[in-house]
Amino acid sequence: MSDLIHFCHALSENAKQANIRYLVVVEGDAGWTNELVDAFLQRYQYPLWAGETSSEHIPSVRLKKAKQFLGRECDCLIFNAEHAFDAEALGALSGTITGGGVLLLLAPSTWFRQTDEQSPFIRRLIGLLSLPDVIQLRQGLPLPPLPVVPSSQGDYSDAEFGCLTPEQYEAVAAIRRVVTGHRKRPLVLTADRGRGKSASLGIAAASLMSERRMRIGVTAPAYANTETLFAHAARRLGSNNDPQGRLAFGDSELVFLAPDVLLSDKPALDFLIVDEAAAIPAPMLNKLLRHYNRIAFASTVHGYEGTGRGFAIKFCQQLDALTPQWRQLKINQPIRWSGDDPLELWVFKTLLLDAEYAALEMDLGFEASDDIRYRYIPTDSLVGDESYLSQLFGLLVNAHYQTSPADLVQLLDDDAIHLVVAETKNHVVGCCLLSIEGSFAPELARQVMLGQRRPKGHLLAQSVAAHIGIELGAIQCCARVLRIAVHPDKQQQGIGQLLLQYCRRWAEVEKVDYLGTSFGTASELVDFWRKAGYTPVRLGVSKDAASGSHSLLMIQPISPESESWLRQAQSLFAANLNAQRVEQYRELDTVLFSQLFFSALDGVTQLSHSNTHLAEQQVRIYVGGGLGYDLVVASLEVWLSNYLSGKQQALDTNDYMAVAKILQRQPWSTIVSDYGFTSRKMAEKSLREYVSLRAQ
């Protein structure tokens with residue numbers, strides 16, 4: 001055992017000397033494994049055990065709770081994969097290991113024997129464990145040679161801010177310049193994990209607070225995303241207390257505000273920091289950009305926390321339009337470990353955290369859609385083609401900020417997942433993921449409808465049964481569109497619509513009764529899915545705190561039985577939307593509300609009034625100036641609903657103003673602000689003129 005102990009100690013010293021981290025695969029019986037782990041623990045002070053453990057002397061975390069450890073650090077991570085492998089936990093915890101540390105992956109012996117029981121993801125994982133930078137220590141096999149120690153990078157520090165790299169100093173200076181320079185010149189800061197992005201934000205905030213009286217707001221999908229920022233700010237200002245979302249220094253304040261609170265309350269701020277901006281939908285970012293004059297957006301480019309690439313592409317187009325003098329800065333140099341870190345390179349490759357969609361040649365970017373091939377691909381076949389898998393996953397990561405390592409595992413291993421792609425010249429230019437759901441026994445379907453059972457998964461089938469009350473929706477076989485993505489250079493060419501058409505043909509062959517999808521509402525998304533033949537049937541009442549949007553469920557029927565119950569669901573949706581519009585959906589975007597409301601009424605029913613003649617008469621009196629808005633609002637509601645029903649494609653700004661006031665009951669102050677009036681009196685006059693011109 002002495003040779004093994006010597007090897008472990010030497011490897012630890014190599015890692016510390018070069019400030020890099022190694023992945024060490026450990027396979028052997030319990031006694032041998034424990035001795036090896038103990039050898040490493042002699043060299044490290046802050047170990048963490050992830051997964052099942054028999055030791056009470058080492059801090060531990062369950063794999064399912066790994067996210068709770070984000071923002072903390074360890075120097076030796078023992079990741080027990082002998083009973084289960086959790087890709088999400090590996091992605092989260094690997095980033096907590098400091099430079100000079102090791103990740104000990106305790107592997108089951110079955111990984112090294114070819115068996116039919118291994119899932120596609122595990123087969124791929126095992127292959128990647130053979131890469132040169134991975135250290136394998138297996139009982140009964142010779143020790144590998146010690147890796148060559150790369151030359152360490154020279155130390156750097158600046159006296160002004162305490163930055164650890166020149167790039168971090170540049171980032172802090174750029175963040176400060178948003179406040180000290182001209183207004184309306186936002187900063188977009190991006191970085192991979194371990195580059196000191198959040199630390200830079202905290203250092204910059206603290207330096208500003210110490211120089212002047214300031215109220216700085218910080219927002220992110222969750223407070224946990226900003227803990228590092230607050231910790232560095234507190235340390236810089238000499239505070240030993242946990243800020244817990246609020247840090248005061250003299251007359252200055254640094255405070256966390258959830259995105260929805262920020263938009264609804266619009267608090268006065270001298271400077272706004274938006275961390276992990278990729279995880280906040282662009283419409284919310286646009287509203288923040290319009291309201292606040294000094295703002296910095298930061299996002300992780302690759303890694304567990306989310307992707308900044310889709311954000312960079314889509315949101316930066318809005319920046320060009322609204323604030324053309326914005327600035328972008330990327331931190332490339334790691335702070336917590338050296339460049340070319342072996343563990344980071346392996347984790348990125350294994351979990352496809354750095355997956356990139358194909359770089360299309362110029363002629364491919366403008367190639368006619370007729371030259372694109374659409375086909376179904378068995379997901380387990382992706383394991384043999386890393387390049388194709390990386391292209392595919394890169395598309396998904398770019399299009400959906402919530403894509404995570406768990407999605408990669410599901411893509412490869414879940415038999416219910418099906419994949420349709422659009423490709424040209426071996427480049428993936430579009431993809432669609434579907435999940436087969438439903439086919440419940442009648443008794444189970446009834447229990448789901450009554451709220452007595454909630455089986456795992458089957459979100460579409462269960463929503464139709466439990467939320468809409470259609471039991472048959474859970475008995476039938478359905479396919480939920482989980483993800484759809486199109487290459488950025490091939491968008492607006494109809495590829496997404498053709499992908500969905502192919503999916504429908506595939507579903508028909510597979511005897512699927514209906515297709516469905518659920519997403520955070522946005523006007524352009526509703527248009528896209530309606531064009532594809534999908535109908536809205538349910539709008540979530542509560543908004544997601546991070547996205548600030550309601551979830552919309554849309555259905556496309558295939559079988560005659562589904563077409564029948566869809567008509568019922570559509571009628572119920574129209575009635576509910578009408579009943580809920582004043583309270584639940586009062587603050588819903590007016591364009592989106594109009595889009596959903598009038599399309600729901602079209603072909604289903606028109607609102608009626610107990611005395612239509614009297615209502616019409618009241619409207620005429622209102623137009624003539626004899627009655628005020630407050631006295632005729634019920635009659636105006638009936639008139640406007642009947643007037644606009646079925647005409648959603650022709651609505652203009654004046655129509656939306658009328659919808660906002662008459663149907664959504666938005667306050668006059670909001671109407672004045674949103675539609676450019678100078679006073680309530682002017683807004684009331686404009687509304688009366690609007691009705692007068694149309695109520696002939």
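Yeah, the Cβs are placed from backbone N, Cα and C, and that goes for glycine too.
Positions annotated as ATP binding site by TrEMBL: Gln168, Arg336. Non-local neighbourhood of Gln168 (ATP binding site): Arg195, Gly196, Ala199, Ser200, Ile331, Gln333, Ile335, each in the same chain, at least six residues away, with C-beta under 8 Å from its C-beta. Gln168 (ATP binding site) falls within a helix when secondary structure is assigned with DSSP.
Taken residue by residue with DSSP, Ile484 (acetyl-CoA binding site) is part of a strand. Applying an 8 A CB threshold to same-chain residues 6+ apart, the list for Ile484 (acetyl-CoA binding site) reads Ala399, Gly430, Cys431, Cys432, Leu433, Gly496, Leu499, Leu500. According to TrEMBL, the feature acetyl-CoA binding site maps to Ile484, Ala485, Val486, Glu524.
For 372-559, the entry in TrEMBL reads domain 'N-acetyltransferase'.
Between the CA atoms of Ala485 (acetyl-CoA binding site) and Arg336 (ATP binding site) there is a gap of 34 Å, rounded to the nearest whole number. Of the recorded residues, Glu524 (acetyl-CoA binding site) and Arg336 (ATP binding site) place their C-alpha atoms 41 Å from one another. Arg336 (ATP binding site) falls within neither a helix nor a strand when secondary structure is assigned with DSSP, and so counts as coil. With respect to their backbone Cα atoms, Val486 (acetyl-CoA binding site) and Arg336 (ATP binding site) stand 35 Å from each other. Using a 10 Å radius centred on the Cβ of Ala485 (acetyl-CoA binding site) and all shown protein chains, the other Cβ atoms total 28. Taking the mean position of the Cβ atoms of Ile484, Ala485, Val486, Glu524 as the acetyl-CoA site, the remaining same-chain residues with a Cβ inside 8 Å of that point are Ala399, Gly430, Gln491, Gly496, Phe528. Counted within 10 Å of its Cβ, the other Cβ atoms near Val486 (acetyl-CoA binding site) come to 24, all protein chains included. Just so you know, the Cβ of Glu524 (acetyl-CoA binding site) picks up 8 other Cβ atoms within 10 Å once every protein chain is counted. Of all Cα pairs drawn from Ile484, Ala485, Val486, Glu524, which the record names as binding acetyl-CoA, the longest spans 15 Å.
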